[in-house]
Amino acid sequence: MSVRAVVIGASAGGVQALSQMLPGLPVGFPVPVMVVVHIPPKKDNALVDLFARKCALPVKEAEDKEPLVPGTIYFAPPDYHLLVEADETLALSSDETINHSRPAIDVLFETAADAFGPALAAIILTGANHDGAQGLRAVCEAGGFGFVQDPATAEVATMPEAARVACPGARTMALEDLAPVLQAMIEG
Amino acid sequence: MNESIEDIEIQLLLDAVYRHYHYDFRHYARASIKRRLLQARQQWGYDSISEIQSAVLHDETILPQLLNFLTVQVSEMFRDPSYFRALREKVVPHLRTYPSLKVWVAGCSHGEELYSLAILFAEEGLAERTIFYATDINPAALRAAQAGVYPLDRIRLFTENHQLSGGHTSLSEHYTANYNRAVFDKSLRERTVFSDHSLVTDAAFGEMHLISCRNVLIYFDRELQDRVVGLFGESLARGGFLGIGSKESLRFSTHANLFSEFVREEKIYRRKLR
C-alpha cells in the first residue's frame with residue numbers, strides 16, 4: 001500500500017533539523033505532513049511563520065476538526081496535543097502532558113497510526129527525551145513505515161536512540177536523505 | 001480502513017454507558033476517547049475494552065472511575081493570562097452596566113477557571129452582584145471544584161498567570177496555605193451554584209451575561225459542537241459574552257451567525273443584539 005500521510009516528531013535541535021528537511025518536500029508533494037515540535041506553551045506559533053518562509057509547501061497551524069489536505073504541512077499548536085481522527089480530520093486536546101510535553105509526539109503518532117494504518121510514514125528527529133518512541137512502535141505495528149534520524153548526525157541523540165530501541169524495524173537515515181526517500185516512496 | 005475490533009468495542013461501551021447511566025460520550029471526539037479508554041484498560045489490567053464494558057455495567061462503583069478517565073481535564077488558574085486580561089479590560093466595562101450578573105463556567109472540571117473568574121470579579125468590584133454557575137457532568141470534579149483545594153506546587157504558576165492577567169491583588173490574599181495544599185477562600189464561592197449539567201443532553205440555562213467554556217468543545221465532534229454552540233446562544237442574554245479556548249472557533253458552527261467576534265485574538269464572542 002502506498003503512503004497517504006507523513007508524521008514527524010522533533011524536540012531539541014528540531015527546528016534546525018526541520019529547516020534542512022521540510023524545504024526538501026517539493027510543490028505537488030501528494031500527501032499531508034503533520035509535525036509535532038516540542039516548544040514552550042506560548043500562544044503564538046512562531047514556527048508556522050518561520051517554516052512558511054522556507055518551505056515550498058503551504059504551512060499552517062493545525063485547527064480542530066480540520067480535514068487533511070494533501071501537500072499541506074500542519075504544525076501542532078503550542079500547548080495542545082494534535083490528534084488524527086479516523087475520518088482523516090485533525091483534532092486538538094489539552095489533556096495532560098505526556099513525557100512532560102504538550103504537544104506530545106506519541107499522541108500524534110498513535111492516533112495517526114490508527115487512522116492510516118499501513119499507509120503512514122513516521123519520522124523521529126533529534127531530541128533530548130523519549131517522546132515518540134511508543135508512537136513510532138505503534139506506527140510500525142500498524143504496518144506503517146518508521147524512519148529515525150541517524151543518532152550520529154542528530155544534534156541530540158536521545159530521542160532517535162529511544163525510538164530505535166522501541167521500534168527496531170524503523171530505518172535509520174541521514175537527515176538529508178529523508179525528503180528524497182519519502183518522495184520516492186510516495187510516488188513509486 | 002476497516003473498523004477495528006477495538007473501535008467496535010469502544011462504540012459498544014459508549015452505547016452501554018449511555019443506555020444504562022445516561023452519560024453520553026457517543027459524540028465525543030473519538031481519538032481522545034480511545035486514548036483514554038486504552039489508558040484505563042491498561043491501568044485496570046483488563047485485556048480488552050469489552051471487559052471494561054462488562055465491569056461498568058455490572059458494578060456501578062466502576063462508573064465514577066470511568067468518568068474520571070473520560071472527562072479528566074487539565075486546567076490552571078488564569079490559563080492564557082491574555083484571555084483574562086481581555087475580559088478585565090474589554091468585557092468588564094460592559095458588565096459594569098448591569099445591576100446583576102450571571103456567569104456560567106461550563107465544564108468547570110476542578111474549578112480553576114471558576115476561581116480565576118471569581119477573583120477577577122472581586123478585583124473589579126463585581127462579585128457582590130454576580131451569581132456564578134459552575135457545571136460539569138463529573139460529580140467528583142464538581143466536588144473538587146466546590147472544595148477549591150489545589151496542590152501548593154501549582155500555586156507558583158497560578159500566581160504568575162494571575163499577575164500577567166492584570167490582577168491587582170496578590171493571589172495569596174485569596175487562599176490559605178496549609179501543609180502542601182492551598183485552600184481558596186470560601187468567599188470566592190459563596191455566590192456560586194455548583195450543578196450537574198451535561199452540555200450533551202441538558203437544556204439551556206437561561207440569561208447569562210458571560211459564558212466561559214474553554215477547551216471543552218475540542219473534545220466534541222462537529223455535530224455535538226454545533227449543539228453546544230446553539231445551547232450557548234440560547235443561554236446568553238442579547239449582548240452577552242462567550243469565551244472559548246484559544247484554538248477553538250465558532251467559524252464552522254451552524255450557529256455562528258448568532259455571535260459576533262468581540263476580542264478576536266482571545267476568542268471572545270458576543271451574542272448579537274438582534
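Any Cβ shown, glycine's included, is placed from N, Cα and C.
TrEMBL has this to say about the protein:
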- A:1-188: domain 'CheB-type methylesterase' (DOMAIN)
- A:S11: active site (ACT_SITE)
- A:H38: active site (ACT_SITE)
- A:D131: active site (ACT_SITE)
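Of all Cβ atoms in the protein chains displayed, 27 besides its own lie within 10 Å of the Cβ of A:S11 (active site). Listed in sequence order, the residues of the same chain lying 6 or more apart from A:H38 (active site) and placing their CB within less than 8 Å of its CB are A:A10, A:S11, A:A12, A:G14, A:S101, A:P103, A:I105, A:G127, A:N129, A:D131. Cβ neighbour count for A:D131 (active site): 28 (other Cβ atoms within 10 Å of its Cβ, all protein chains included).
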